[in-house]
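Following: one structure in structure tokens, then a few remarks.
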Amino acid sequence: MNWGEQVASRRQRVHEQRPLVHHITNLVVTNLTANVTLAIGASPVMAYAREEVADMARLAQAVVLNMGTLTGDVVEAMLLAGKAANNAGIPVVFDPVGAGATPFRTRTAQKIIKELHIDILRGNASEIASIGGFGGHTKGVDAAGAPARVAEMVKQVARDLNTVVAVTGATDYISDGERLIAVDNGHPLLTFVTGTGCSATSIIAAFRAVEEDGVTASTAALAYYGLAAERAAAVSQGPASFQVALLDTLYNLAGEELARGVKIRLL
């Protein structure tokens with residue numbers, strides 16, 4: 001089965017199995033990520049009360065931890081949900097929003113990674129570089145040669161943390177420390193709508209719920225999402241119409257059209 005067929009197959013699995021994805025996410029993106037999760041055929045739940053997060057995590061097929069709007073209570077809730085998911089064998093996808101921006105965010109990201117088993121770590125290059133101890137090595141990621149450095153960094157962080165790392169940007173890179181894959185689908189309009197990175201994390205979690213291999217799940221999810229962004233941008237006039245078109249395209253994109261449009265490279 002080639003990559004196009006694998007992407008279409010995993011997208012179909014999500015549609016058929018409708019996995020429940022428990023989100024502890026940030027206040028800015030809750031509505032968009034819930035709607036994206038619904039549009040792809042999965043079921044979102046957005047529960048963050050400490051009194052119920054462990055119970056909710058055990059009901060889910062995947063758990064998303066997103067530290068975008070961080071408080072002490074949110075950190076505690078994420079740890080409770082993550083430990084419950086770990087004990088039940090439910091995959092945890094962690095989005096370390098803003099890691100490296102403040103000491104609190106950096107410490108929190110490190111604490112979550114230390115105390116939980118993270119199946120997939122999804123972030124941008126600077127967030128993952130901060131977590132991996134690469135400091136400012138991703139400064140100027142659009143400069144000549146920078147994509148190669150980002151790819152190497154992704155593979156090294158995945159190896160060091162013994163997890164799957166997915167870095168999203170103009171090109172997405174996915175690695176488990178051994179395999180390294182690039183996804184070239186996407187569109188610049190994604191950067192003009194708040195929550196599109198967080199939505200990528202939600203889609204990865206839904207795909208991981210129906211696919212045991214984290215590299216395959218992340219690659220398929222990001223190729224599908226990136227192609228949907230390309231199709232949505234083609235019928236949009238700007239960020240507002242793009243957001244609506246993106247939800248519609250995620251809902252409709254499947255099968256042969258999806259398989260033919262993905263741009264995936266093995267590195």
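Every residue gets a Cβ built from N, Cα and C, even glycine.
On a predicted model such as this, the values are computed, not experimentally measured, just so you know.
In sequence order, VAL28, VAL29, LEU32, THR33 are the residues near GLY195 (substrate binding site), counting only same-chain partners six or more apart with C-beta under 8 A. In the three-state DSSP scheme, GLY195 (substrate binding site) is classed as coil. Taken from Swiss-Prot, the feature substrate binding site applies to MET46, GLY195.
Positions annotated as ATP binding site by Swiss-Prot, on the basis of sequence analysis: ARG122, THR168. Counting every protein chain shown, 26 other Cβ atoms lie within 10 Å of the Cβ of THR168 (ATP binding site).
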Site with most surrounding Cβ atoms, counting all protein chains shown within 10 Å, from the binding-site residues MET46, ARG122: ARG122
ARG122 (ATP binding site) versus MET46 (substrate binding site) - Cα distance in angstrom: 19
